[in-house]
């Protein structure tokens, strides 16, 4: 029992003095194809949402059920993204930061504090704080995680309809054996990230 307790994350203590807090998370840093997608969410403290958790720990059915509830009950939400071309120009870390900035800029309500999942924050015009494992500890980040995950998954399913031979609906563009095999057999498509090593290799681009 004691061993289990040591693994539990400490509860997040919200900084004092802020009235409007946004949570931000990203999905799609690892895939070889498509946009990196981020979301920013400001929840309504008077209208709580049950069952928020890190999107990766929820079933697809649960994520799809929570999405409209988050969109309806949140005070504001927005999606930001960077394209494969931008990822190739900037690198994936910088592109993720830009996508997060775009999500925050898209909020109809301006937060006075932004909580970011992970260990670094993009440059923002308001206070911000990085929260390690924030998608498990901060409701606003959990909600952002769900929106970003559903949006990106749906985009991969649409891409799968255009290019069924790649199996994007199954692996969502991540570097799986099935994806590598498809690249070897069919080459790369416009939406592939040309700066990622497996794609470079397929294109015959030397490091």
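Just so you know, the numbers here start at 1 and follow the chain as drawn.
In case you wondered, yes, glycine gets a Cβ from its N, Cα and C as well.
Positions annotated as domain 'RNase H type-2' by Swiss-Prot: 19-207. Taking the domain 'RNase H type-2' (19-207) as a whole, pLDDT averages 95 in the prediction.
Neighbour list (residue 117 (divalent metal cation binding site), Cβ cut-off 8 Å, at least 6 residues apart, same chain): 23, 24, 25, 26, 130, 131, 133, 134, 135, 138, 141, 144, 145. What Swiss-Prot records for 25, 26, 117 is divalent metal cation binding site, and it gives sequence analysis as the kind of evidence.
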Report the residues of the chain - excluding 25, 26, 117 - with C-beta within 8 Å of the mean position of the site's C-beta atoms, for the recorded divalent metal cation site, in sequence order.
24, 27, 38, 39, 100, 116, 118, 134, 135, 141, 144, 145, 148
